[in-house]
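One structure is given here, and the rest of the page talks about it.
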Amino acid sequence: MFEGLNLSDEEFQLYQKLIYDSVGINFTDNKKQLLVSRLRKRLEMTGLSSYAAYRRYVTDPNNAEEFVQMINAISTNKTDFFREPQHFDFLKHYVYPDLSKKKQVRIWSAASSSGEELYTLGITVMENFPNLVNQDIKILGTDISTKVLGEAEQGVYSEESVGPIPGLMLRKYFLKGQGRWEGHYLVKDELKKLIHFRRLNLMQPFPLSAAFDFIFCRNVMIYFDKPTREDLVARLAAQLLPGGYLFIGNAESLSGLKTTLKYVQPAIYRKVY
Ligand SMILES: C[S@@+](CC[C@H](N)C(=O)[O-])C[C@H]1O[C@@H](n2cnc3c(N)ncnc32)[C@H](O)[C@@H]1O
């Protein structure tokens, strides 16, 4: 057993600040137990015997890799294929008809987690762009967590997780696993090649030259406080092409934030200039 496995309120505050300053996630006081349970695994892995010792360890620049592991451990990665399906309906009816005529299309999923959102976007693009082969289309998937990015890049999903994908599309875009992959589905190359993966921290200036036709930044702002959201939305807006859209999660809203983006419908905003 480890000694000192209690996280004191004082130590918790130091973790709150460390996490907030580095990745923007706001571990409010009521989330102390959640943080304790997520950090415990890292204490066990590193063999460190107290939260204070672990914090000193991860903040040592020589242990940058453990800092990445800590972020992997504390982030919430819940996602699904075709999550919040009204966004994909909106794309199909109001966005894709124009984009399918453009030479170049750039799409960004800014907190893409384990890839379900990215591959859903890819499937809907392939289904709605009849001239795809003559277009230059890229979908960028970014996340802070190297763990989920690795899973996204691998593109292997359980039978349960592919449940929301309509049967016809599942057969068209996935290979059914056999042998040791029984019960799993692998994303086919033709879908995968639309997608690019990159680690990116939304709290830092975006190292991106592209301007995007639309950005998905869904179900991540709920972990950020208001000033962080306001700054992030301004930088996302700057990364959109004129007429481009920002999609956020259904549980999120930009109301009360200063932004140049115009409300279109719940969780959908547009850069109109
Ligand atoms: C709940 S998931 C949402 C996934 C997907 N967008 C969806 O709506 O289904 C939130 C994701 O945000 C990522 N995240 C949290 N803080 C981040 C940051 N500062 N920069 C980039 N990604 C971050 C987490 O690693 C996690 O994968």
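Backbone N, Cα and C atoms are what each Cβ position is placed from, and that goes for glycine too.
TrEMBL labels come from automatic prediction, so no person has curated them.
Between the candidates E44, E117, E182, TrEMBL assigns the S-adenosyl-L-methionine site shared with N77, T79, R83, D143, N201, L202, R218, N219 to E117. Its Cβ placed at the centre, L202 (S-adenosyl-L-methionine binding site) has 21 other Cβ atoms within 10 Å.
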